[in-house]
Amino acid sequence: MLPGLALLLLAAWTARALEVPTDGNAGLLAEPQIAMFCGRLNMHMNVQNGKWDSDPSGTKTCIDTKEGILQYCQEVYPELQITNVVEANQPVTIQNWCKRGRKQCKTHPHFVIPYRCLVGEFVSDALLVPDKCKFLHQERMDVCETHLHWHTVAKETCSEKSTNLHDYGMLLPCGIDKFRGVEFVCCPLAEESDNVDSADAEEDDSDVWWGGADTDYADGSEDKVVEVAEEEEVAEVEEEEADDDEDDEDGDEVEEEAEEPYEEATERTTSIATTTTTTTESVEEVVREVCSEQAETGPCRAMISRWYFDVTEGKCAPFFYGGCGGNRNNFDTEEYCMAVCGSVMSQSLLKTTQEPLARDPVKLPTTAASTPDAVDKYLETPGDENEHAHFQKAKERLEAKHRERMSQVMREWEEAERQAKNLPKADKKAVIQHFQEKVESLEQEAANERQQLVETHMARVEAMLNDRRRLALENYITALQAVPPRPRHVFNMLKKYVRAEQKDRQHTLKHFEHVRMVDPKKAAQIRSQVMTHLRVIYERMNQSLSLLYNVPAVAEEIQDEVDELLQKEQNYSDDVLANMISEPRISYGNDALMPSLTETKTTVELLPVNGEFSLDDLQPWHSFGADSVPANTENEVEPVDARPAADRGLTTRPGSGLTNIKTEEISEVKMDAEFRHDSGYEVHHQKLVFFAEDVGSNKGAIIGLMVGGVVIATVIVITLVMLKKKQYTSIHHGVVEVDAAVTPEERHLSKMQQNGYENPTYKFFEQMQN
């Protein structure tokens, strides 16, 4: 009986996977679907061969709105009549995701929940009802909710009946990915387990939770997938850093990746993966262990928004993933996280309630146990070159301590509720309120400790970056002061200095992006400070670069290399600003006359060494000679001599060194608040732009607008007065002399006649006479 039922279930599941709504499109091998993974090109199902293909245009990535998803379905399936979209019930494994602008695609898979593109008129899914299972449905015509809402309704309904949700489908569409009901099948817990066990015994390649037809996790192959994914992600990071370090002889990059945490995370991930078997109990055990892990950022420095399952809250919560390492409690979306962890963890809690002596399924791992003074230990230890690794370990210890305390409180809460079953309602409410306050207190305490940890880490990183920049600047000036100066050495020192400034800017932007995602209000408050700091970095770089003018021979020899370095730095700044500052355009007045910034590039200009900075001094970097500085020919701006005022007008000659230059002249750029406020520094369309305000043209435009406004206002006032006067003017058809001695009735009749009134009696007799 059971093997036959297992085969029937397997056949039904296979038929369901290949089911396509009928709209005159017979013969399709697969259902139209699309899948998205942020940072990669979208994928869509090839309905002819059943394989996933990358975006045909090579440009489309994450889509935020359901309307956009529907439109994208219609674009990739133009021959089908796509009318709606709905999330799939289960996540799938997809390989060969492509990055935008790259020809070769990575082979490691990602787990995502695809969207089904519905063809033609909506037809509800045909659900298979196994033996001892019940088919149920709910419809509410006054409700129009998403797939996730109805999935939750179905799951809760089955849980109330002490059963497990076996399958479900949407009913009565009312919008894009919105429906008015759900149909579902509830099976007894033991029956569901037997069914899945039988199906797994027949089909070794099937996997309840990580199910993807393209991936085989039997015999430890899951380890290979995880390791390949992590190795390729680490390879990408190393490749990018290798590009940054190209031609850098002294290796000036800030190395913040710690191998020790990565190895530990890899070992922990591998140990979890190797326990996977083809039985449902083993799969659920692995899922419970995965979903009970604490969120780990990993040793890398990216800030990728991900989700993890929080066992204390019983729901998924966001966190930032570094890009490599970490563990498998790491999901792309909240829906995917709940789909994997929600059902198994709720079943575990139900079993725990029914069997008090059973092992606690959500018991936290004790590998990261910490002492109460874990944060204090980090705060008391001075920073060093391994600051990032120390910070990661301190953060993990803090999270472990917090989870231990929360787990203890939740166990106490559960025990208190069990003991309070026979108490009055008021006492039960008091118990609940007490533990809620305790949980909130622990959360607030943990948040404060996290904030203190992050602020300390930020301060140490800033101090380290400042030291590196100061050292690079001193080496650069020393190279310029050498007699005779060596052009190649000067260029290498200049490159190290530019990289140090670039690191400072990258750190500032990443911190701002983190604050903006966590606390948008605080991000709005510190935005002006961030922009001021970025402007200081640009001006400091410009001032340092201008020192090359004092050694014309060196400047001429390394001109091409410097141009290439600045172009690379400019492209990097454009990319970083476009990715990190994704906010609407902020206007500060005269930007309406500026050109479109889609074609505007941020240039690194040269500024005078002495004297005040002015907006007219900001010119693009061009080729220069030994005796003069070229002008910006496009805008016809006069050349700026970047040499000291005392040397302007004198003929420079090769070999004139900088023996009298002091480090203090350019080590720091001091800016008061008034100078910062009056600068022409703005952010437009995610790019950093310096521009010179044309004061004369702006005044003329303002005067013209004022005169035009006065004229228009005058015309409006005159028109209103005339209309009002006309409204209250009496209608006269002629002048009729009225005797003052007549009665009021006659006077009233006279006025009526003046306004066109005709006595019907008079009119009747006039007609009779005629």
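All residue numbers here begin at 1 and follow the chain in the order shown.
Cβ atoms here come from the backbone N, Cα and C positions, even for glycine.
The structure displayed is predicted, hence computed values, not measured ones.
Taken from Swiss-Prot, the feature disulfide bond applies to Cys38-Cys62 (among others). In the three-state DSSP reading, Cys62 (disulfide bond) counts as coil. For Cys62 (disulfide bond), the Cβ neighbour count at a 10 Å cut-off comes to 13, with all displayed protein chains included.
Here Swiss-Prot flags Cys73-Cys117 (among others) as disulfide bond. Here the Cβ of Cys117 (disulfide bond) has 27 other Cβ atoms within 10 Å, regardless of which shown protein chain they belong to.
Listed in sequence order, the residues of the same chain lying 6 or more apart from Cys105 (disulfide bond) and placing their CB within less than 8 Å of its CB are Ser54, Asn96, Trp97, Cys98, Lys99. Among the features that Swiss-Prot reports, disulfide bond is placed at Cys98-Cys105 (among others).
What Swiss-Prot records for Cys133-Cys187 (among others) is disulfide bond, and it gives sequence analysis as the kind of evidence. The secondary structure of Cys133 (disulfide bond), as reduced to three states from DSSP, is coil rather than helix or strand.
As annotated by Swiss-Prot, disulfide bond applies to Cys144-Cys174 (among others). Every protein chain considered, the tally of other Cβ atoms within 10 Å of the Cβ of Cys144 (disulfide bond) stands at 14.
Under the heading disulfide bond, Swiss-Prot lists Cys158-Cys186 (among others). Other Cβ atoms within 10 Å of the Cβ of Cys158 (disulfide bond), summed over all protein chains shown, number 23.
Sequence annotations record features per position, and here Swiss-Prot assigns sulfotyrosine to Tyr217 (among others) based on sequence analysis.
The feature sulfotyrosine is assigned by Swiss-Prot to Tyr262 (among others), with sequence analysis given as support.
Under the heading disulfide bond, Swiss-Prot lists Cys291-Cys341 (among others). According to DSSP, Cys341 (disulfide bond) sits within a helical segment. Using a 10 Å Cβ-Cβ cutoff, Cys341 (disulfide bond) registers 26 neighbours.
Among the features that Swiss-Prot reports, disulfide bond is placed at Cys300-Cys324 (among others).
Residues annotated as disulfide bond in Swiss-Prot: Cys316-Cys337 (among others). Remark: Cys337 (disulfide bond) has Trp307, Tyr308, Phe309, Cys316, Phe331 as non-local neighbours, by Cβ distance under 8 Å and separation of at least 6 in sequence.
Annotated sulfotyrosine per Swiss-Prot: Tyr336 (among others), in sequence order, evidence recorded as sequence analysis. Sequence-distant neighbours of Tyr336 (sulfotyrosine) (same chain, 6+ apart, CB under 8 A from its CB) are Pro91, Phe111, Val112, Ile113, Trp307. Following the DSSP three-state reduction, the secondary structure of Tyr336 (sulfotyrosine) is helix.
The phosphotyrosine annotation in Swiss-Prot covers Tyr497 (among others) and is backed by similarity to another entry. Long-range Cβ contacts of Tyr497 (phosphotyrosine) within its own chain (separation 6+, distance under 8 Å): Arg469, Ala472, Leu473, Asn475, Tyr476, Ser544.
Sequence annotations record features per position, and here Swiss-Prot assigns Zn(2+) 2 binding site to His677, Tyr681, His684, His685 based on similarity to another entry.
Around the Cβ of Tyr757 (phosphotyrosine), 11 further Cβ atoms fall within 10 Å across all displayed protein chains. Look at Swiss-Prot and you will find Tyr757 (among others) tagged as phosphotyrosine, backed by similarity to another entry.
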Position of peak Cβ density within 10 Å, selected from the disulfide-bonded residues Cys98, Cys133, Cys187: Cys187
From Cys38, Cys291, Cys324, Tyr757: recorded positions whose CA lies within 10 A of Cys158 (disulfide bond): none
Which of Cys38, Cys73, Cys186, Cys316, Cys324, all disulfide-bonded residues, has a Cβ with the fewest other Cβ atoms inside 10 Å: Cys38
Fewest Cβ neighbours within 10 Å, where candidates are the disulfide-bonded residues Cys174, Cys291: Cys174
Cys133 (disulfide bond) versus Tyr757 (phosphotyrosine) - Cα distance in angstrom: 87
Rounded Cα-Cα span from Cys186 (disulfide bond) to Cys133 (disulfide bond), Å: 6
Nearest-integer angstrom distance between the alpha carbons (Cα) of Cys144 (disulfide bond) and Cys117 (disulfide bond): 19
